[in-house]
Amino acid sequence: MLDFFTIFSKGGLVLWCFQGVSDSCTGPVNALIRSVLLQERGGNNSFTHEALTLKYKLDNQFELVFVVGFQKILTLTYVDKLIDDVHRLFRDKYRTEIQQQSALSLLNGTFDFQNDFLRLLREAEESSKIRAPTTMKKFEDSEKAKKPVRSMIETRGEKPKEKAKNNKKNKGAKKEGSDGPLATSKAAPAEKSGLPVGPENGEELSKEEQIRRKREEFIQKHGRGMEKSSKSSKSDAPKEKGKKAPRVWALGGSANKEVLDYSTPTTNGAPEAAPPEDINLIRGTGPGRQLQDLDCSSSDDEGAAQNSTKPSATKGTLGGMFGMLKGLVGSKSLTREDMESVLDKMRDHLIAKNVAADIAVQLCESVANKLEGKVMGTFSTVTSTVKQALQESLVQILQPQRRVDMLRDIMDAQRHQRPYVVTFCGVNGVGKSTNLAKISFWLLENGFSVLIAACDTFRAGAVEQLRTHTRRLSALHPPEKHGGRTMVQLFEKGYGKDAAGIAMEAIAFARNQGFDVVLVDTAGRMQDNAPLMTALAKLITVNTPDLVLFVGEALVGNEAVDQLVKFNRALADHSMAQTPRLIDGIVLTKFDTIDDKVGAAISMTYITSKPIVFVGTGQTYCDLRSLNAKAVVAALMKA
């Protein structure tokens, strides 16, 4: 039983609607538009909203959307056929009204489609009932049951051809009998060895006697060979030679410890005084108060663009004429066959740029659904049309549904006289502590005091690393510059303690001391480690931070999808709250090491629908950027 079926234009006008079990289809359809159609996630033609499953089909030629909704616990096999039949009949019946392409004509048009829809629904339900469910074949009806048991027995290590030959030989031996040549050939080795095998004085030997004689024959036969081999091995044994002296190379140097020891003899291994730290080296270059946009372009790209324009300028009028004719051919409606080769190249290009394989397939499928049936422009080709649609989809994906403005949220928390809490999580070695220090420097440059909570009580050296960052940040922002106020401080309780308890104490300490922001550093953990994921979910549930940031590196491909999906799933499964807290944003690190392979940004944003808040581009405190969607897409589409 269907809950609803609705037909509406891409402009938002509902042309016709069928209400089944559901009272209203407004909520589910609005969720479909908001989460799928506007976000360019049309690779899969189904969408789940609460207890409903929605299936939809796009008509790009007439800018229509067909949506059917039913309970997700039901398995309705006729839905795909029904939506295709309704799409075909509705388009053919009301082609004139739809082709006018004006909102007024659509509003004034009468789309009496109720009887036709009920007829199509009845036919689809009857066709699904006619199809009898397939039953499993019984063993008696299978081919294996007709074979004899002996033919299915195979000897280990025996090939099928050898087995067939052995069976033929055994059959031939049975036909010839014991008086044939086979019996005489078997008796020959017995005469040579002098050990009678057959009957003796009219009496047959017992089994024990036969086994004993065969054992003696085996020992006599193989014992002599072993003696010969031992004698030959003794005679052929080479004489021991003296050890060869090692070769002394002309420029090989010396391996003596005294020669290789360059340490000062007076210090005796004692640590020297630490040299004064270079503030400019620590701070980096560039303004730290305002985040700059990420720039993925380079001089090489400009040179390549200039070089590519030179040969095009040298083309004659003949090439321009052929190009014009090629463009004129493009004015037609697109089909999947036309786009298939172009989409295959686009998919391979995205995978080569580090986009996860599954997401690349879904993106290309979404573009195909978006363009199928659409009429191209007069001077456009299939390649340019598909490429432009893919670029628009990628930009739409990178533009977040919810913008994270930390400075505004911190000011709002100040008005309520409480600290703004940010929790960093992620797998091992992605740069959580380093980028936490970069964000601390950015907040200090904007005049906010920061308390760093060392909740990584597992990794050796984690507290010392944060202590070093705190010392250097204090050198950049000493209390003398801020009226004697301590701008950055480390809160730590050592190793082996409960991370959730340390975070709770740090937040209470920040509230009492008047700190503006608390940055919580957590231990790196793999997404499959259930105990550590439970501890992270406990930390987030108990302390309810204002922002949960997932730190991921830009080097990963398919692993990014697995990490984010399992982190979100683990936080939801191990949370004790009624509405579990999930990841709010992403920090993308090591972006300076990937050149133009920026596909991880697409993978992470597509799988979570969460924004990339910060991008790490280096080792100094100023190497922090905000994401520029158009620059990332331009780098991604660069050949």
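Glycine is treated like the rest: Cβ placed from N, Cα and C.
Lifted from Swiss-Prot, the feature list:
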REGION    132-317  region 'Disordered'
COMPBIAS  137-146  compositional bias 'Basic and acidic residues'
COMPBIAS  153-165  compositional bias 'Basic and acidic residues'
MOD_RES   Ser178  phosphoserine
COMPBIAS  204-240  compositional bias 'Basic and acidic residues'
MOD_RES   Ser297  phosphoserine
MOD_RES   Ser298  phosphoserine
MOD_RES   Ser299  phosphoserine
REGION    420-637  region 'NG domain'
BINDING   426-433, 521-525, 589-592  GTP binding site
MOD_RES   Ser474  phosphoserine
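Features per Swiss-Prot, on structure.
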residue : record           : Cβ contacts under 8 Å, 6 or more apart
Gly426  : GTP binding site : Lys432, Gly524, Phe550, Val551, Gly552, Gln563
Gly429  : GTP binding site : Gly524
Ser474  : phosphoserine    : Thr486, Met487, Val488
Thr522  : GTP binding site : Thr423, Phe424, Cys425, Lys432, Cys455, Asp456, Ala499, Leu536, Leu539
Arg525  : GTP binding site : Cys425, Val427, Asn428, Leu532, Met533, Leu536
Phe591  : GTP binding site : Leu294, Ala554, Val598, Val615, Gly616, Thr617, Arg625
Note = Model confidence for the region 'NG domain' (420-637), as mean pLDDT, reads 90
Query = Which of the three DSSP-derived classes (helix, strand, coil) applies to Phe591 (GTP binding site)?
reply = helix
Query = What does DSSP say about Thr522 (GTP binding site): helix, strand or coil?
reply = coil
Ask   = What does DSSP call Lys432 (GTP binding site) in the simple three-state scheme?
value = helix
Note = Gly426 (GTP binding site) falls, by DSSP collapsed to helix, strand or coil, into coil
Note = DSSP output for Ser474 (phosphoserine) maps to helix
Key: Other C-beta atoms that fall within 10 angstroms of the C-beta of Lys432 (GTP binding site)   = 24
